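All remarks here apply to the structure that follows.
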Amino acid sequence: MGRKNWDALRGQRARENELRSLESNLPYEGLEKGKQPNRYFPSNAIKTTKYSLLFFIPMNLYEQFHRLANLYFVGLVILNFIPEVNAFQPEIALIPICVILSLTAMKDAWEDFRRYQSDRKLNNMPCFIYSRKEKQFVERHWKDVRVGDFVKVVCNEIIPADLLLLYTSDPNGVCHIETANLDGETNLKQRTAVSGHPEFEPESFNGILVCEKPNNNLNHFKGYVWQKVGAGIESLLLRGCTVRNTDHAVGFVVYAGRETKSMLNNSGPRYKRSKLERRLNIDVLFCVILLFTMCLIGALGHYLWLNAMPVVPPYLVPPTSGQLDRPSLTSFYMFFTMIILLQILIPISLYVSIELVKIGQIFFITNDIDLYDEETDSRIQCKALNITEDLGQIEYIFSDKTGTLTENKMVFRRCSIMGTEYPHKENDGKLFQKISRTSSGSLSHSQKTDAYLDFFLALAICNTVVVSMATTKRRRVSAQFAATVDGKNAGGIFKFCKRNPKRHRTFTEDSEENFQPSGQTEGVDTTGLQPCSPHPPSLSDEPALTSDNLRYEAESPDEAALVYAAKAYGFTLLSRTPDSVSVRLPSGEVLDFEVLDTLTFDSNRKRMSVLVRHPITKEYVLYTKGADFAIMELLGTPYPEHFSGNKKNIATVTQRHLDCYAKEGLRTLCIAKKVVSEAVYKRWSVDRKNAMAAIENRERLVMDTAVQLEKNLTLLGATGIEDRLQENVPDTIQALREAGIKVWVLTGDKPETAVNIGYACGLLEDEDLITCTNILDCTLEEVRRYNADPRNVDTTQNMSLVIDGLTLDKALSPDLLDRFVALVKHCRAVLCCRVTPLQKSRVVKVIREKLKVMTLAVGDGANDVNMIQAADIGIGISGQEGMQAVMASDFAISHFKHLKKLLLVHGHWCYTRLANMIIYFFYKNAYVNLLFWYQFFCGFSATAMIDYWLMIFFNLFFTSVPPIMFGLMDKDISAEMLLGVPELYKTGQGEGDYRFTTFWVSILDAFYQSLVCFFVPYFVYQDSDIDMFTFGTPMNTSALFIILMHLSIEIKSWTVVHWIIMLGSVALYFIVTLAYSAVCVTCNPPSNPYWILQSQMEDPMFYLICILSTVVALLPRYRVCHSLSSVGLKIFNCPEFWGVFALTVCKPYLQNCS
């Protein structure tokens, strides 16, 4: 036993260590588990189920009892089993909570069964594992894979675990994978085998792999093998990815099962608490206080009633001891009895009804044809199931620019080379002639170093573009697998990438005239997904590689645009491997560059570089591209030393060109180069190799080596790329601003570019006072003076703020934060430029917390994830930059324009429907007040004049469906009016419809109606000898009519469904009550409701009571609603109203028609 505990402790330490040492399992094949070196790490079998068959009931009940409401009602049920305090038959009290718990348990069981089916299917998928005994790869199941195994994957096969790539069939050691199942990106990624074993044999692997412990970062991995050969994410094949364009590959299992990166990222659906739900919990607390107050009154009343009796009445039967309890003790018991009797004041079915309504709202949103995008065959995705109503309360929107407001489809427009500017469509072939003269004939050493050649070589080489043939068909895995890989219920992080045939970021030549890469598919059958084949297509059948059938797969549209621009000018990227890149020159000559290293882009450096050896000069050349400010500060001497005059001032002229590009709204990049001496390169490569092999501070060391080399650069030129606005962006922003929503744009672009886009999309207007200053105090004082001027009463200063990242950093410091918030609160729009992803999220958090407002963030790329997660609602746009933003969001849309209807229509409807339904629920449950008023006439003895079964049926069946229908289908305003008059959205902002006063007015109205409903029958039957249930039955019937007629007054739009449900509820009440009264002879002794309703329906007085009670109870509410409708009608008939309506709704349509 001690040995087992010691082994378990060692296993826990091994799993928790920051570094892991992994060995091959082959030498230990066949030995017992205790002798396996990697026995402490989990197997590849996954289990996402929450329950087991044996322990489902106790575990599910344990989970459900985490909800305080369930505990409350179970406590009341237990209380009712105590004889001293029970209010009615204990078995009856079990019914409501049992129904709620059973329905929830059935839902949980169904979801868990689906997870079980998904797990079983995944765990039994086939794979190939190397066996030392059989000297070959043998077929096994995914669940048999263990850390330390060697696994072989073939073309179009799914990778079963996280593998360190050791060998591929490609002679360059390259394996192409598609990561769509992980991050939604369908462009191919290159993975390279760890150097050291070109002819790899599994049994020859005798080293130890040292790696970091598992984490959920899909873009990061640290480790080393053998003689400290570094291994990074570029050598890791992740579970769930698909092997493409590679015959086969062999990898070493690093992480398996629940420790793989895909499983660590599979956190299931996200849950947030909406603002309405937080307010609801406060009102439930008020109901609890109200309930306790009523029970206290009942207990006190019972005590006074007992003390007022001169003798003990005969109907008070003493307990077995023969003596009655003291009045104080009896009233103490009565307090708990009253809690049981009046318990339905706390709405037990409210939370279940809210969940049903939200599911229905999501159904209507996702099936809205106006939110469907035909081009990508995608519709809106709702992934946060419980915050739909927050869409109707947004006050601030924070938006990215590139890919969110713009299309992120880049078009190469202009370039500046060595201080000379070349607009593409206006240069009349000057640039072509310049290139032709330079590259004509056999090139000499000096010509090979020409600046124009270097500029376009940099465009073609300095990227991570993957080259393949446009005629190649990329076969896909079955749709069934894509929907279930590591999904918790066939709907985990992969469900958003199941079928989206037109969202491939594979750029083919659509129009070389515009250098615009299109987002078309690769020629596959987009009507369905083809089955996977383990056999790659024959290489002999592939067409010859020519410039006409090349296809470039880029990680960003910018890279694709630059590569196509270089190709259009004759510099064609032909192939790329980890060690080489081939470019065809305009003369037809092909240059094969040896790639020595690639310094990848990161958000700190804002640039990327490629170090190559020139095939002619044998020089070590570093080509760099990046943001203008990141390149300009690294420049050394001008490129041509023999130039003179203005040519010397290349950087200044180029900067002027960059400023012009930015003012035109173009995206700008600088291109530079550097010739590195052999001695410098050898010293640097040693540092680089050590940094790549490091485990501690690896990122910092790798970045330091990049910065070390990227110094004293020579400027070659700059590029200007156009990114067009998406359709209807200005109209959408205008509508959102009219709706009272402030729109901010947070972008990494230059201020000039951002301001230009700001004007183009309508965020900034000509009459705006644009403030681009870091002097907060002066600007804030100017705003205050404007507001203090009596002439500016009821007016708002049209002021917008443009601020860059450096200034924003200072403004968000603790000593300036309050003044910054005070300033931006007065701004119509704010434009933050040159900001990092962390700054974006910080801005959202500051505004949300300081101003106490509802925020929404929208973006399309990985750099927007932090911002999306920081806002109350995060919206991802499925654009050209993968699906990271979509996967991190609460809602996903295809275009920015969809925000207009999503917020102004669906947001308004979701909020008003749910708010009104909750208020109605609180009102409806005040039906219990009838029992409270009866206590004043029965000595506060907790007696009920309505049968207990009918009381339960009243809430569970008779009045439960109409409010759900009300929350699902009511439309207070039509969609056309909401879109035409965006100002109507303001009703949901701030406190909105669901306010403190609204709740209490509804409760007071319920108290009034219950008084009418009780005392009308009371005065009618006064001095009569009717029994208790004969008195209660017309009261119960009147309550039903009052509750349903009250809802009828609230419903704004009637449909056939409304009529069926309302009339069906009434019919159900009479059918069930008549049947129950007919068969219930001894259901509730000593007095039973036998034949009560039948007798009442023969008495005209019954109908008089029902009609009179309903009219008198609802008259005040009807008068108030009628008065409000009259005011609305007057406004509707007002000429000024129609003038505003004509300006806001009709004028745009008339302009479009003209």
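Just so it is clear, glycine is given a Cβ too, placed from its N, Cα and C backbone atoms.
Looking just at the domain 'P-type ATPase N-terminal' (37-92), the mean pLDDT is 84. TrEMBL lists 37-92 with the feature domain 'P-type ATPase N-terminal'.
Outside the transmembrane segment (280-305) by six or more residues, the chain places 69, 327-328, 330-332, 334-336, 338-339, 342-343, 345-347, 350, 918, 922, 932, 935-936, 939-942, 999, 1003 with a CB less than 8 A from a CB of the stretch. Look at TrEMBL and you will find 280-305 (among others) tagged as transmembrane segment.
According to TrEMBL, the transmembrane segment annotation covers 332-354 (among others).
Non-local neighbourhood of G748 (ATP binding site): T402, C833, R834, V835, T836, N863, each in the same chain, at least six residues away, with C-beta under 8 Å from its C-beta. Taken from TrEMBL, the feature ATP binding site covers D400, K401, T402, E559, F601, K625, R667, T747, G748, D749, R834, K840, N863, D864.
Neighbour density for D400 (ATP binding site): within 10 A of its CB lie 29 other CB atoms from the protein chains shown. What TrEMBL records for D400 is active site, 4-aspartylphosphate intermediate.
Same-chain residues lying 6 or more positions outside the transmembrane segment (451-470) and placing a CB less than 8 Å from one of its CB atoms are 176, 187-190, 245, 415, 417-418, 434-435, 438-439, 508-509, 522-523, 542-543, 545, 549-555, 559-560, 562-563, 565-567, 569-576, 581, 583, 585, 591, 593, 598, 600, 608-610, 612, 623-625, 639-640, 671-673, 716-717, 719. Per TrEMBL, transmembrane segment is recorded for 451-470 (among others).
The region 'Disordered' feature in TrEMBL is assigned to 506-544.
The compositional bias 'Polar residues' annotation in TrEMBL covers 514-530.
Annotation comment: TrEMBL describes 886-1118 as domain 'P-type ATPase C-terminal'.
The feature transmembrane segment is assigned by TrEMBL to 999-1021 (among others).
Sequence-distant contacts of the transmembrane segment (1028-1047), counting only residues of its own chain at least 6 positions beyond either end whose CB sits under 8 Å from a CB of the stretch, comprise 920, 923-924, 927, 930, 943-947, 950, 954, 958-959, 962-963, 966, 1009-1010, 1013-1014, 1016-1018, 1021, 1062, 1065-1066, 1069, 1087-1089, 1092-1093, 1095-1096, 1101-1102, 1105-1106, 1109-1110, 1113-1114, 1117. Taken from TrEMBL, the feature transmembrane segment applies to 1028-1047 (among others).
Feature annotation from TrEMBL assigns transmembrane segment to 1059-1081 (among others).
The annotation transmembrane segment is assigned in TrEMBL to 1101-1118 (among others).
Across the annotated binding residues for ATP (D400, K401, T402, E559, F601, K625, R667, T747, G748, D749, R834, K840, N863, D864), the two most widely spaced Cα atoms sit 24 Å apart. When the neighbouring Cβ atoms lying within 10 Å are counted for each of the binding-site residues (R667, R834), the highest count belongs to R667. The stretches the transmembrane segment (1101-1118) and the transmembrane segment (999-1021) are in mutual contact, each linked to the other by at least three Cβ pairs under 8 Å (pairs 6 or more apart in sequence). DSSP places the residues of the domain 'P-type ATPase N-terminal' (37-92) in helix, strand and coil in these numbers: 25 helix, 0 strand, 31 coil. With a cut-off of 8 Å between CB atoms and residues at least 6 apart in sequence, the same chain places R607, M608, G626 near F601 (ATP binding site), listed in sequence order. Around the Cβ of N863 (ATP binding site), a 10 Å sphere holds 22 further Cβ atoms from the protein chains shown. Listed by sequence, the residues of this chain that lie at least six past the ends of the transmembrane segment (332-354) yet keep a Cβ under 8 A from its Cβ atoms are 67, 69, 72-73, 76, 79-80, 82, 84-88, 93, 96-97, 100, 103-104, 277, 280, 284, 287-288, 290-292, 294-296, 298-299, 302-303, 325, 914, 917-918, 921-922, 924-928, 931-932, 935, 940-942, 944, 951, 955-956, 960, 963-964, 967.
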